[in-house]
Amino acid sequence: MTSVSERFRSLKQAGQCALIPFITAGDPDLETTEQALKILDAAGADFIELGVPYSDPLADGPTIQAAATRALSRGVTLEQVLAIVQRVHGQLTAPIILFTYYNPIFYRGIDAFMAQVAAAGVKGLVIPDLPLEESQMVLDAATSHGLDLILLVAPTSPTERIEAIAKASQGFIYLVSVTGVTGARTSVASRVGELLPKLRQVTDKPIGVGFGVSDPAQARQLKEWGADGVIVGSAVVKRLATGTPAEGLAAVKEFCESLKEAIA
């Protein structure tokens, strides 16, 4: 797989908007997670966000929280998640971006964690509870192991903070479309249409928009507003958890294909 930055560069040269689906590792089970990574890749995902289940996921809405709770109840560990990445990453076109909270990183040791996930084949990291002020040590460790640390910009961030985050973020900038937690919503916040040009004034890095995208029409709207990537989480997780694992995988495949078509 190519790095996050390189992949975005090739997409931009082709005039394409990136599709970035999210799934929670271990929900409904580890075997389905492994299959889902392959199915999402085949269905057109340009990157795949893989969430490590965590007991106190402050940024996540009810759908992803419930998925994490189910995975943890089955005893899913980071080591099991990385074992899946190790097995499948070489078969995928889409780089895998690990979505994890900071505590597991701190617990293992920052450099040791980065070495472990990089060795497994992870290409990027999103750490939603890592504030900019405390990110330099994590950023340095990620860089030393060839990982892109993707930082989040909130819609309420003042201009100075937006500039600082945009400068520090690697791979792309994760623009949070709404205040609050993740979760599918019936419409995309119109403020995103105002925030994208504001970000463009301070950076030429790719911008991915997430939190609340639930259908192809919303994905298309974000592309029209100028997003370089569209991140879809809860709507994918919900489909994967519906019915039997086979039914969930089929639903995710169909949904991902419809999203890809919408932003083509």
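Cβ coordinates are placed from backbone N, Cα and C, and glycine is handled just like the others.
E49 (active site, proton acceptor) falls within a strand when secondary structure is assigned with DSSP. Counting only same-chain residues at least 6 apart in sequence, those with a Cβ under 8 Å from the Cβ of E49 (active site, proton acceptor) are I20, P21, F22, I23, I97, L98, F99, V126, I231, G233. The active site, proton acceptor annotation in Swiss-Prot covers E49 (among others).
The active site, proton acceptor annotation in Swiss-Prot covers D60 (among others).
Here the Cβ of D60 (active site, proton acceptor) has 26 other Cβ atoms within 10 Å, regardless of which shown protein chain they belong to.
DSSP assigns D60 (active site, proton acceptor) to coil, not to a helix or a strand.
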